[in-house]
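*Asks:* Feature list, courtesy of TrEMBL:
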- 54-124: domain 'Mitochondrial adapter protein MCP1 transmembrane' (DOMAIN)
- 188-259: domain 'Mitochondrial adapter protein MCP1 transmembrane' (DOMAIN)
- 1-28: region 'Disordered' (REGION)
- 48-69: transmembrane segment (TRANSMEM)
- 89-111: transmembrane segment (TRANSMEM)
- 172-195: transmembrane segment (TRANSMEM)
- 227-249: transmembrane segment (TRANSMEM)
- 261-278: transmembrane segment (TRANSMEM)
Amino acid sequence: MTDLKEVAPEPVELSASMGPSTSTPSENRHGSVLRAIGILNKVQTYSVLPFSAFSCLHILGVVITPAIFGTEAGDDMIGLGREIYHVPLVEYGILGSAAVHVISGVSLNLARKYYRYLKYGKSNVKKRQSGDDKLIVPGKEEDIEVRDADKGLGGITSVLGAGSRVSFTSRYLGLSPLAFSGYFFLALLTGHVYYERVSPIVVDGDSSFVDLSYVAYSLQKTFLKTYFGLNTLVLVGSYHMLVGMNRILRRFTLKQRKMTYKAIFVLATLGAVSLWRISQIDVLPAMAAKFHSYVP
C-alpha cells in the first residue's frame, strides 16, 4: 500500500467517432433546407438567362424600334428575331428556361417559408435585423443600400429622401415586390403567348403572318383593352427583369435604384408611344379576316 501515490485527475477526451452526435434532428432539417435554398437560388438565377436574352431582342423589336424608328423598322427587327428564336431547339430552350425559372422560384419561396416556420414556429413571423439598410459612406444618402427584398426598390419615399418602406405586397400578401411582379408577369405573359403564338399555330399551323399589323388589328378592334394590357405587360415585365438584375448584380444603393426607376419609366414610355404608332397601321381587309380567326 505504500507504493500508491495520489495523482491529479485528468479529463478523458472521447474521439468524435466515439462521442454522441451534438446535432439535433431540428438542426439537421435547418441545414438541409438551407442547402436546398442555396441550390434553388442558383438555379433560379442562371436558368433565366436564355429567356432574358430573348426578352431583350423582343423588346428591341416591338417597343424600342417602332417608337423611335417607326413601324416598318420594327417589323424588320421582328423578322430578324423570328429567324433566331423560332428555330425549334432555340424556342424549346427559351420555353424551358422560363419554366425552370418559374418552378424554381415557386419552390424557393416555399422553402424559405418552411425555413422561417422551422426557425420561428407557427407564427411564421420573419424577424428583421436592424441593419437591412446599410450606409456605406457616412453622410452620403446616395450610398444607402436597401438589401431587404421585401422593400423592393425602397418605394418612391426612398427616392424623395424619406427612407425605404416595406412594400404593400410584402405586408398583406407575404410576397416581395419582385416575387409578386413575377407572378403578375407570368399571368400577363401567358395570355400574350397564347394570342401571339399559340392561337395562330392552332389556326394556320405556324405564326408567320404575325407582325405589327396583327397588333394593330387588335388595337383597332378593342383599343382600350389591348392598349392597357400590353402597356401593363411592358411595365410589369420591365420592373421584374430590371429589379431581378439589380439583385443578381447586388445593385442596392439609392443612386442605382434611381437609375432603375428611370429605366422602367423610359421603357414604359417607349411602349406607350410604340403602341400608339402601331395602332395607326392600315390593316388590309384580307389580313384583317385572317387575324379575326386568331382573335375572334
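Yeah, the Cβs are placed from backbone N, Cα and C, and that goes for glycine too.
Please situate the listed features within the shown structure.
*Replies:* Secondary structure of the domain 'Mitochondrial adapter protein MCP1 transmembrane' (54-124) per DSSP (helix as H, G, I; strand as E, B; remaining residues coil): 64 helix, 0 strand, 7 coil.
Only residues 6 or more beyond the boundaries of the transmembrane segment (48-69), in the same chain, are considered here, and those with a CB under 8 A from a CB of the stretch are 77-78, 80-81, 84-85, 93-94, 96-98, 101, 212, 215, 234, 237, 241, 244, 267, 270-271, 273-274, 277-278.
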*Asks:* Which stretch, 89-111, 172-195, 227-249, tops the Cβ pairs under 8 Å count with the transmembrane segment (261-278)?
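*Replies:* Most Cβ pairs under 8 Å with the transmembrane segment (261-278) come from 227-249.
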*Asks:* Report, as numbers and ranges, every residue of the chain located at least six residues beyond the transmembrane segment (227-249) whose Cβ falls under 8 Å of a Cβ in that stretch; write 'none' if there are none.
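*Replies:* Those are 45, 48, 52, 55, 59, 63, 149, 152-153, 177-178, 181-182, 184-185, 188-189, 191-192, 215, 219, 256-257, 260, 263-264, 267-268, 271-272, 275, 279, in sequence order.
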